[in-house]
Each structure stands twice: as C-alpha cells, then as structure tokens.
Amino acid sequence: MGLTYEDFLDLSYEPRDSDLVCRFRIDPADDQTMESAASRVASESSNGTWAALDTGEDFTDMGATAFAIDGDEIGVAYPPGLFEPGNMPQILSCIAGNIMGMKAVDTIRLLDCEWPREVVEGFTGPGFGSSVREEIFGVEDRPITATVPKPKVGLSTKRHAEVGYEAWIGGLDLLKDDENLTDQSFNPFADRLAESFDARDRAQEETGEVKSYLINVTADTQTMLERTDMVAEAGGEYVMVDVVTTGWGAVQTVRDRCEELGLAIHAHRAMHAAFDRLPHHGVSMRVLAQISRLVGVDQLHTGTAGLGKLANEDTVGINDWLRSDLYGMRDVLPVASGGLHPGLVPKLLEATGPNICVQAGGGVHGHPEGTEAGARALRAAVEAAVLDEPLEVRAQESPELGAALEKWGTETPR
Ligand code: CAP
Ligand code: MG
C-alpha cells in the first residue's frame with residue numbers, strides 16, 4: 001500500500017476522544033493550497049515523509065489526520081499510540097518538530113492542544129499546584145508575594161541574602177533568584193543557599209510567618225539534581241528551574257526527584273518568547289503552559305495581563321486553562337511578574353483573581369526608602385486589593401504604599 005500526503009487529509013474525520021488534537025495556524029507556501037499544506041503538516045508530524053511509501057504488511061498506522069481547515073487554521077488529530085507515555089520531548093518532536101521548518105509552509109504556529117486522558121495519565125503533573133499557598137504558607141485569602149533582587153546578577157552572596165531578609169521582614173512570602181543567577185563566582189550557589197536560608201530562618205522567627213526561597217537550580221540535569229538535593233537538605237520548600245532553557249526532559253527528571261523530596265517547582269519561562277512572540281510562527285505560550293503542567297511544575301510565569309513591562313499572550317485565558325479540570329491533575333499557580341509595582345496590583349487582581357503569586361523586582365527595590373519599605377508597600381497593596389479597598393485609602397495607614405504610589409502611580413512602566 002502506498003502512503004502519500006493525500007492519505008493524511010480527511011475533512012470528514014471526527015477526532016476520537018483518545019486522539020491528541022492540535023490546532024495550528026499556517027501560511028502555505030506559494031506552491032501550496034491549504035489542503036496540501038495541511039496534509040503535509042499531519043504527515044511530517046506523525047509517520048509520513050516527502051516520498052510515497054510502500055508500507056508493507058508489518059506496520060501499525062500511526063498517521064495523523066488533518067481533519068479541519070478553518071480560515072488560516074487547521075485541526076490535526078493524532079492517535080495516542082504515536083506517543084510514548086510520559087515522554088514530553090518525544091511528543092514535541094511530533095507536534096512541534098520538523099514541521100516548524102517545513103518549506104511547504106511559510107509560517108506555522110502550534111496554537112492549542114486538547115490532551116486526551118491516555119496522554120495526560122502518562123505524566124505525574126504538579127505535586128502541589130496552587131495548594132502551595134495553603135500547604136506551604138498557610139494563606140488562602142490572598143495571593144502569595146515574591147521579589148527578585150535587582151540588579152539581576154552581580155550582588156554578593158551577603159548582599160543578596162540581606163535583600164531577601166529585608167523583603168521577608170517587610171511582609172513578602174518568597175525571595176526568588178533571577179533567571180540568569182545560578183552559580184557564578186560573585187555569588188556561588190552553595191554559599192547563597194546557606195546564607196539565604198539562615199536569613200529566612202531569622203525572618204520567620206521575627207515575623208511569625210512562613211517564608212520561603214526560590215533558589216535557581218538551572219544547569220545540566222545532573223547538576224540540577226545535585227542542587228535539588230542540597231535544597232532539600234537545607235530545609236527548602238522549592239527549587240526554581242528555567243524550564244524552557246533547561247528543556248522538558250530535564251524538568252521531568254527534576255520533577256521526579258522533587259516528588260521523592262517533597263519539594264515544589266517554580267518555573268521561570270525565560271526564552272519562551274523565542275517560541276511564542278511572533279503570532280504566526282512557533283509554539284504559543286498556551287501550549288508551553290500546558291506542557292509545564294503536564295511535566296509537573298507548581299508555579300509558572302504567565303505574565304501580567306498586559307499591565308507590566310513585557311509582551312504577554314492571553315494571561316487570563318492561560319491561567320484559566322492552568323486551573324481547568326484535566327482528569328484530576330493538580331492545577332498550576334500562575335505567577336504575574338515583569339514590571340509590576342504596588343499601584344498595578346488592583347488592576348492585576350481584577351484580571352486574574354487572587355489565586356496567583358504576585359512577583360515584583362524593580363517595583364520593590366526601586367522604592368524610594370528601599371527594599372523593606374518596598375515590600376511593605378507591595379504587601380499592603382495586595383491586602384487592600386483583595387478587600388476591594390482603594391489603594392489611596394490603604395495608603396493612609398501605610399506610608400510606604402503612599403510613597404510607592406507617589407513614585408509610580410498606577411501606570412505601566414516602559
Ligand atoms: C521581573 C523579572 C522576571 C520577568 C520574567 C525580570 O523583574 O525578574 O524575570 O518578570 O517575565 O528579570 O524582568 P521586574 P515573565 O519585576 O523588576 O520587572 O514573568 O513575563 O516570564
Ligand atoms: Mg527576572
């Protein structure tokens with residue numbers, strides 16, 4: 001039997017519940033129609049190639065079907081047997097692999113996936129998800145808060161831990177490393193771990209509140225595992241991983257170790273924009289968020305609903321997906337970050353609701369009276385916003401919030 005591109009297009013096909021269904025936006029090359037391009041996408045992302053094949057008898061048909069063409073979007077259904085259970089890199093080598101560079105399309109973007117039970121059940125998913133708020137911090141009624149010391153890199157270990165201490169006693173829950181701080185000579189990982197947890201313990205004792213630290217373990221996989229073990233030994237609750245630069249297979253390995261150790265994972269998405277920024281090409285943030293949930297991160301940056309300094313794709317829709325029912329898999333806590341400051345918090349919570357983590361770097365340390373005051377201002381803004389209390393009213397009893405509002409107002413930074 002010959003296998004040609006035409007075999008991968010069937011507009012009368014109705015996807016089965018067990019199929020993984022992907023939606024792509026495509027721009028066919030000049031010599032292609034939507035139909036011919038769609039059949040090539042289905043073929044190259046499953047079991048086809050450019051040459052017609054004689055498959056013979058001894059063959060299981062793992063072909064995908066392009067079943068819908070709707071304007072510049074197409075739907076492709078993949079049989080679950082195409083995928084190795086629990087192997088995210090293999091799934092992506094199908095649905096976001098060679099097709100991204102195919103000459104039959106000028107551009108192609110993976111927009112969305114519907115994940116069937118059989119594929120979902122291959123993954124562990126998050127160990128905590130949004131229950132970190134209650135299980136780690138014992139708070140239910142407000143977003144948790146985090147800050148990242150600035151400048152991003154270059155602070156000494158001592159200064160980095162001091163900034164954390166100031167933020168914690170000012171009322172924030174989490175100190176977070178920046179995405180490009182790992183184990184450099186000006187601030188070695190092991191020293192930072194020891195000094196920061198020491199500062200954390202003091203801050204906990206002084207405030208009577210639970211405090212935690214998102215230390216960045218990003219590295220090659222073996223080193224990440226060693227650093228993860230070190231975090232558990234130091235009494236940490238979380239590791240932070242730059243999930244896109246690290247790669248999904250490595251994240252899966254870290255997730256397994258975190259399961260053994262009872263640690264949560266904070267996922268920074270640095271480099272996501274290389275995949276998702278151009279609206280006609282790449283992989284959407286929505287899909288990157290879906291992958292993040294399946295491989296089991298607990299917290300994920302999903303943007304500020306357009307309020308902050310960075311371009312955002314549909315923060316609210318992505319957050320809704322992260323919380324949606326997925327065959328009983330835990331949810332993921334969205335992290336809003338990037339140019340946030342206290343004056344933006346009410347608009348942010350109006351868009352996202354309170355079940356998030358509010359993260360601000362410059363919007364804390366750039367406070368006119370420094371980090372501790374900046375932390376007080378952010379905490380006050382969060383507490384007022386969940387009660388729907390206007391910030392100007394709260395500022396009457398929080399001079400730090402008043403100073404932040406005077407400096408930054410309620411505007412998006414540029
Ligand atoms: C924020 C941040 C985060 C970005 C990541 C930064 O600092 O530390 O990495 O928020 O973007 O380095 O820019 P500021 P996203 O609070 O000082 O802006 O959350 O969109 O992935
Ligand atoms: Mg950063």
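Every residue gets a Cβ built from N, Cα and C, even glycine.
If you check TrEMBL, you get these features:
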ACT_SITE  LYS150  active site, proton acceptor
ACT_SITE  HIS268  active site, proton acceptor
BINDING   LYS152, ARG269, HIS301, SER337, GLY338, GLY339, GLN359, ALA360, GLY361, GLY362  substrate binding site
BINDING   LYS176, ASP178, GLU179  Mg(2+) binding site
DOMAIN    135-408  domain 'Ribulose bisphosphate carboxylase large subunit C-terminal'
MOD_RES   LYS176  N6-carboxylysine
SITE      LYS309  site 'Transition state stabilizer'
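Rounded to a whole number, the C-alpha distance linking LYS176 (Mg(2+) binding site) with GLN359 (substrate binding site) is 9 angstrom. Only HIS301, GLY361 of the binding-site residues listed as LYS176, HIS301, GLY361 bring a Cβ under 6 Å of any atom of ligand 1; the order follows the sequence. The recorded positions near ligand 2, defined by a Cβ under 6 Å from one of its atoms, are GLU179, chosen from GLU179, HIS268, HIS301, GLN359. Sequence-distant neighbours of HIS268 (active site, proton acceptor) (same chain, 6+ residues apart, CB-CB distance under 8 A): GLU179, ASN216, MET240, VAL241, ASP242, VAL243, HIS301. LYS152 (substrate binding site) sits 16 Å from LYS309 (site 'Transition state stabilizer'), taking the CA atoms of both as reference points. Once Cβ contacts within 10 Å are tallied over all protein chains shown, the binding-site residues LYS152, HIS301 are led by HIS301. Of all the Cβ atoms in the protein chains shown, 19 others lie within 10 Å of the Cβ of ASP178 (Mg(2+) binding site).
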